[in-house]
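Worksheet: one structure, shown below.
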């Protein structure tokens with residue numbers, strides 16, 4: 001309200017001043033403008049212009065508002081005194097206006113400060129509200145971002161772990177793949193080498209097959225010729241056998257006649273010149289037969305001391321001076337040597353082929369005088385060898401026909417394949433060896449086994465091509481090794497003093 005009155009009073013004063021000191025401006029349409037500059041603010045007041053003389057009546061003068069009545073009175077003449085008076089009044093108005101201006105400035109300053117403060121407060125409150133809202137939203141967004149970040153970190157951790165596992169798995173797979181690749185390369189190299197060798201072998205095999213075909217054709221021709229020759233030889237052999245049988249029969253008859261004569265001479269005696277009797281002795285072995293003038297190899301009858309009947313034996317009259325009595329012979333596998341104690345005691349087989357003389361007869365012969373043993377051996381390649389012992393005899397049945405030997409020599413090995421220090425005879429039903437394994441059952445046949453030992457001439461007979469790797473074959477260790485089965489063997493004895 002105070003501001004309004006101040007403005008009204010100011011307007012009245014400016015109106016009066018304008019009428020007294022200013023002229024009407026035709027461009028302003030009867031209006032005048034007054035501008036007041038305060039700091040950066042400028043105030044412009046529009047004052048109205050009255051028509052006619054500006055001089056007012058006394059009544060009008062005194063009918064103005066209270067502010068106008070308080071102003072000093074102005075004389076109505078236009079004399080110089082009044083002009084001076086007006087100037088004085090003008091100065092007073094100027095001072096008054098200055099006071100009003102100061103008043104307005106002070107009031108406006110406080111009001112503007114109040115308004116500005118209110119505006120600042122309102123703005124601050126708004127800003128605080130907005131800031132609070134922003135803080136709330138920021139906190140919420142921060143929380144959400146934190147949750148998202150946590151999820152992202154967890155997912156990232158899982159992905160990193162999975163990636164690490166995948167990397168390890170990939171590394172292992174790469175390592176395995178590299179190893180397999182290397183192995184494949186090695187196998188490929190080996191295959192290439194094997195293919196090359198196979199090709200070479202195929203070439204050699206083809207050449208060998210061609211050679212074998214040629215040899216086969218040649219052999220077939222040779223076999224054909226040999227078959228014809230063999231047939232002719234068989235015919236001749238049959239004829240010779242027939243003749244030989246007749247001769248053997250005649251020889252046997254002759255031998256019987258001789259034996260009868262010997263027996264007759266033994267009983268009655270033969271008168272010699274001078275009236276003395278000469279005693280005729282029977283053949284104790286093949287040495288006696290040889291010394292009696294029979295120098296052809298064959299079957300002869302001998303009379304062994306302490307034996308009830310004579311025994312037919314095969315005498316070898318050709319080898320190393322002759323006079324050999326054969327006690328064992330193997331040549332074709334036609335006779336089974338896997339027999340029991342009694343059969344080995346009394347002997348079996350045919351003296352003209354494969355046979356065993358008999359332990360009882362061997363004991364009886366070697367008990368008559370001192371004998372030498374010779375073993376003749378032949379392998380499947382046609383190689384021959386022998387072992388000879390200067391002293392040979394065996395014990396009786398109570399002694400298990402124990403073997404006694406001395407003085408080894410020969411070409412069938414530097415060492416003896418027979419046990420020199422002695423060994424008992426064993427068969428499949430009489431185990432007398434020094435082994436828990438029963439050598440006669442394992443190695444077959446009857447023999448002087450000593451913990452099986454390095455020899456067995458009564459073992460299983462194996463044909464050519466099947467005679468290798470046979471521990472139970474006909475073996476003589478120091479001639480062909482422990483698993484080579486021989487082709488033929490002959491054991492024969494002769495008196496030491498022959």
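From the backbone N, Cα and C atoms, a Cβ is placed for every residue, glycine too.
What Swiss-Prot annotates here:
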type     : residues : note
CARBOHYD : 92       : N-linked glycosylation site
CARBOHYD : 122      : N-linked glycosylation site
CARBOHYD : 154      : N-linked glycosylation site
COILED   : 158-254  : coiled coil
CARBOHYD : 243      : N-linked glycosylation site
DOMAIN   : 277-497  : domain 'Fibrinogen C-terminal'
DISULFID : 286-315  : disulfide bond
CARBOHYD : 295      : N-linked glycosylation site
DISULFID : 439-452  : disulfide bond
| Relative to the Cβ position of residue 154 (N-linked glycosylation site), how many further Cβ atoms are located within 10 Å? | 10
| query | Nearest to residue 286 (disulfide bond) in three-dimensional space, by Cα, is which of the recorded positions 92, 122, 452? | reply | 452
| Residues with Cβ closer than 8 Å to the Cβ of residue 315 (disulfide bond), same chain and 6+ apart in sequence? | 286, 289, 290, 294, 297, 298, 299, 300, 322, 323, 324, 325, 326
| note | In all the protein chains shown, the tally of other Cβ atoms within 10 Å of the Cβ of residue 295 (N-linked glycosylation site) is 13
| remark: Check: min Cα-Cα distance from residue 452 (disulfide bond) over glycosylation sites 92, 122, 154, 295 goes to 295
| task | Among the disulfide-bonded residues 286, 439, 452, point out the residue whose Cβ has the most other Cβ atoms within 10 Å, with all shown protein chains included in the count. | result | 286
| message | Taking DSSP as the reference, which of helix, strand or coil describes residue 286 (disulfide bond)? | response | helix
| message | Suppose we draw a 10 Å sphere around the Cβ of residue 92 (N-linked glycosylation site). How many other Cβ atoms does it contain, all chains included? | response | 12
